[in-house]
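Enquirer: I'd like to ask you about the structure that follows.
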Amino acid sequence: SLFELGKMILQETGKNSVKSYGVYGCNCGVGGRGKPKDATDRCCYVHKCCYKKLTGCDPKKDRYSYSWKDKTIVCGENNPCLKELCECDKAVAICLRENLGTYNKKYRYHLKPFCKKADPC
């Protein structure tokens, strides 16, 4: 769910997911999808593509369990869809951390209508 995703992003990046990524670029947060503005935005594009592959669970609402061991996210689920959902969220949180250097405040409140059409997933 969005709750676990936000928690993972905070653990990996030290940033509040809603304030920092809620409307960042063309792909982060709610709304459309478009050509990524930078590496940070590309993390969110890949994340949305990951969600599109899920079948049998709702990425925004369904809760899953994970643990934080030695500064590492460990997904733990018996349900295959929830495990994949956790892995999607883990991947974006790590990607955002790895690309903190590309985070550009000018894209923090980027208007989605100005986004160019993205390539399909």
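Using the three backbone atoms N, Cα and C, a Cβ is placed for every residue, glycine included.
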Enquirer: Candidates are Cys43, Cys44, Cys49, Cys50. Which one does Swiss-Prot pair with Cys88 through a disulfide bond?
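Expert: Between Cys88 and one of Cys43, Cys44, Cys49, Cys50, Swiss-Prot records a disulfide, namely with Cys50.
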Enquirer: For Cys75, what is the disulfide-bonded cysteine listed in Swiss-Prot, choosing from Cys57, Cys86?
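Expert: So the cysteine that Swiss-Prot bonds to Cys75 would be Cys86.
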Enquirer: Pick from Cys26, Cys28, Cys81: which one does Swiss-Prot say forms the disulfide with Cys44?
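Expert: In Swiss-Prot, Cys44 forms its disulfide bond with Cys28.
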Enquirer: Identify the disulfide partner of Cys81 as annotated in Swiss-Prot; candidates are Cys57, Cys95.
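Expert: Answer per the record: Cys57.
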Enquirer: Spatially, which candidate from the recorded positions Cys49, Cys81, Cys95, Lys112 is nearest to Cys75 (disulfide bond), comparing Cα atoms?
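Expert: In terms of Cα distance, Cys75 (disulfide bond) lies closest to Cys81.
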Enquirer: Of all the disulfide-bonded residues given, namely Cys26, Cys43, Cys57, Cys81, which is spatially nearest to Lys117 (site 'Cationic membrane-docking site (MDoS)') at the Cα level?
Expert: Cys26
Enquirer: Near Cys95 (disulfide bond), which residues of its own chain have a C-beta under 8 A away, given they sit six or more steps off in sequence?
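Expert: Sequence-distant Cβ neighbours: Arg42, Cys43, Val46, His47.
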Enquirer: Hey, of Cys57, Cys86, Cys88, Arg108, Lys112, Cys115, which of those recorded positions are within 10 Å of Cys49 (disulfide bond), Cα to Cα?
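Expert: Final answer, ordered: Cys88.
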Enquirer: Which entry in the list of recorded positions, Cys81, Cys86, Cys88, Leu111, Cys115, has its Cβ near the fewest other Cβ atoms, using 10 Å as the limit?
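Expert: Among the recorded positions Cys81, Cys86, Cys88, Leu111, Cys115, the sparsest Cβ neighbourhood within 10 Å belongs to Leu111.
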